[in-house]
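Peer 1: Here it is, the structure, as structure tokens.
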Amino acid sequence: MNGTTGWVGGQGCLPAAQMALQDVNRDPNLLIGYELDLKWNNSECDPGLAATILYDLIYRPPKKTIILGGCSIVCSGIAETAKMYNLIVVGYGSSSPALSNRHRFPTFFRTHPSATIHNPTRVKLFKKFRWSRISIILEAEEVFVTTGKDLETRCKEADIEILTRVSFLDDPTEAVKSLSRQGARIIIGMFYSANARKVMCEAYKAGLYGKQYVWFLIGWYEANWFHPAPGINCTMDEMLKVVEYHFTTEALMLNQGYQHTIAGMTAQDWLNRYESELTHYRQYFPMGSNKPQEGYQEAPLAYDAIWAIALALNKTMEILSQRGLTLDSFDYESPEITNIIKSELQKVQFLGVSGYVAFNDIGDRISWTLIEQMIAGKYEQLGFYDTITDNLTWNDREKWVIPGRPPKDRTEVVRSLQTVNNALFISLSGISAIGVLMAVSLICFNHKFNTCRYIQMSNPASNNLMLIGCVLCFISVVLFGLDGQDVGGLHNFIIVCNARAFCLSIGFSLFFGAMFAKIWYCHLLHTQSKRKKINNNHIYIMILTFCSIDLIILSIWYFKDPIKLNVKTFPLLNPDINIDEDIKIQPCIEHCEANFIWYGILFGYKGLLLLFGLFLSYETRSVKLKQLNDSRLVGMSIYNVVILCLITGPVSQVIEDQVNAHFAFIALAIIFCCFLTMALVFVPKIVELVRRRNGPNSGLNGSGINGTFHETMTSREEEERFNRITLENQELKEKIFEKERQIEEIKSKIELMAKEQQELRKSEESKQQCVKRKAVRIQEPDAQEDEVIEQLNTLNVDPVSDSGFVSNRNSRPSDFEFILSEYESE
């Protein structure tokens, strides 16, 4: 009837129960010979006080046949105790799901449906409005805790996420703040009306209302429950704002039809009569109020509870009369009559003022659910839901802050894939396409003029491989500008990632490998004493080796630890345009991600190649070779490639998250390297061929870009002459070597003869030691000396050769002069 906590629905339910007693006792066909009497007490929704009152009722006569219970926490206590005294307990205001436990409460029935009846309705509405994430705030009472657990279970079965569940005892401030921090949008509240005011006031302060939020509350609050009360620091206008458009779900407590109920009147007639009866109970209502604080909506349930008890007792009387017993035979220690009453209550079915009344196997009321929404400060019916048949009757009368647009259950995060700007991609791809055409044209140029000695002396085979590498590098530029949405899905984008690695790696090996092979042979020819002709097979083998290393690394990488797609996200942004929807932009970038070990292996090996190529270019910076007429500018190209690679690698990692800058930097580096190298290697050749076609006297000074090459160029006749002189020079060196060997042999023989002469002289001096005389002895050459003199005479001197030896070939003085001039220049 009153109290500081809990439900005070007795104020509205007591008048209804007394009305039911009057109607039952006036019915001549019910409980003949008996009259129902209600001994009511005020439990104040306090389980301790209720237990005390229960024991007083049991131990004070007369015997009580059935106990009528109010709020859930009181019914839980008295129902668990009453079973030990074989007492049936009927609840009219208890909705706790815990009371459905038949093992714990075997003699409990209720006309108030279980609070879990709200949950199927809530889940149905969640699906209707496409909400897949909700939050729960509840008062720490058993009825709400168990209902919350049941809702979580049902949501999990329906694939609905529970964002958070918070509870409170008396002060909901921190719980509401927690909802705000968690980003709750669809909020289900479970608490008594007194705490409902506190929660909604705190919700107003936290801003949890408006177009982005929807509240679901319990429907058995009074119509004016949200009016400010003592201890609520919110005004009426603030409370109206925060409760506007919230939903309520409640078991149907008043028959919506116009049929006559078991009391012989329609539900509306009963309601009119009930309201007139309330005037007799004003002493129990709040000061100055003509209506009860709570219990008005549950009054039909209390009325039907009395009728259900009367009908069950009436049937029990018939059964007991057959056994020779009466209701007066009821005893707290005998379960016989209690079991009969329980069985008949299970069978009760009638149309009451609250609707169709029936109980299931666990004593719960079978009922429809009423769905309402507060619109302009008043509750409007939106529909009904039949849990058994899963049928939702909807009136399409719901309203939202934004007309026709239900709030979203979360901030809708729209992923915005950061892609390369179309203009930038098209322009750089176009330049790359031009580069491909140029490379193909230069390959054709090499093929057409392959017989020209001028082109032959630049090793066109390595130049062709370099151009093929340029084509692959240009293709990689286009691949670097593609993303997942351009290629139609994740799988295709992973293929693009692997194609990037293949094209750039193999292209670099062909492109740089060809230049490396040239500079390697330039260094080799420069340092060797014997000048050999360049063998194209050696160049092919070297470049093929580089490509094979790449293929081995890429193959192991692909099969062992393949490249994966990584989507990197960034902080949420507001849309560029003002829209009413709750939308945030989630920028993201697609990356080709792989283990850094593979990058380290690939880059480490290519880095060593770059450094070694840089070293060889520096060593041969001033070398001019007739066999390789473009070696100096190949070295210049290597300088450019090394510098750009050293810059591009670190910078591209720093600006990786800036899509346009990252693509532009890598693409321009590749394009610049390829174009510059093609220009340095081929433009002088084209200019020289054009010069030669225009006339023999054109451009003889070697000025301009062709000057560098003109210094090392030779005509066909000069090259043939050079080859002839080189061969003759080699033959002369071999002859000189042979003559030097002969001279060494003669010297050794002369030394041997001198030793013999010295020994002979000593032996003669020993024979003549006694004779002191001075003699001059001239010794004639012997046979060995004659032989040596004869061999020296065989060394013929060619009077026309500066070398002093006769060549087997007919050499001209001009030829040897050319050799000496070449040696002096080098």
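From the backbone N, Cα and C atoms, a Cβ is placed for every residue, glycine too.
This is the feature table in TrEMBL:
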TRANSMEM  423-445  transmembrane segment
TRANSMEM  465-481  transmembrane segment
TRANSMEM  493-517  transmembrane segment
DOMAIN    496-692  domain 'G-protein coupled receptors family 3 profile'
TRANSMEM  538-559  transmembrane segment
TRANSMEM  596-616  transmembrane segment
TRANSMEM  637-655  transmembrane segment
TRANSMEM  661-683  transmembrane segment
COILED    715-773  coiled coil
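How buried are the listed features, and what sits near them?
Peer 2: Sequence-distant contacts of the transmembrane segment (423-445), counting only residues of its own chain at least 6 positions beyond either end whose CB sits under 8 Å from a CB of the stretch, comprise 463-464, 467-468, 470-471, 474-475, 477-478, 481, 660, 663-664, 667-668, 671, 674-675, 678, 682, 686.
Residues 462-463, 465-466, 468-473, 475-476, 479-480, 482-484, 487, 538-539, 542-543, 546-547, 549-551, 553-554, 557-558, 562-565, 590, 592, 602, 606, 609-610, 612-613, 616, 634, 637-638, 641, 670, 673-674, 677 of the same chain, all 6+ positions outside the transmembrane segment (493-517), place their C-beta atoms under 8 angstroms from a C-beta of that stretch.
Within its own chain, the transmembrane segment (637-655) has Cβ neighbours under 8 Å at 512, 515-516, 519, 603, 610-611, 613-614, 616-617, 661-662, 665-666, 669, 672-673, 676-677, 680-681, counting only residues six or more beyond its boundaries.
Across all of the coiled coil (715-773), the predicted model scores a mean pLDDT of 79.
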Peer 1: In terms of Cβ proximity under 8 Å, which residues at least six beyond the ends of the transmembrane segment (596-616) contact it?
Peer 2: 505, 508-509, 512-513, 515-516, 519-520, 522-523, 546, 549-550, 553-554, 557, 561, 635, 638-639, 641-642, 645-646, 649
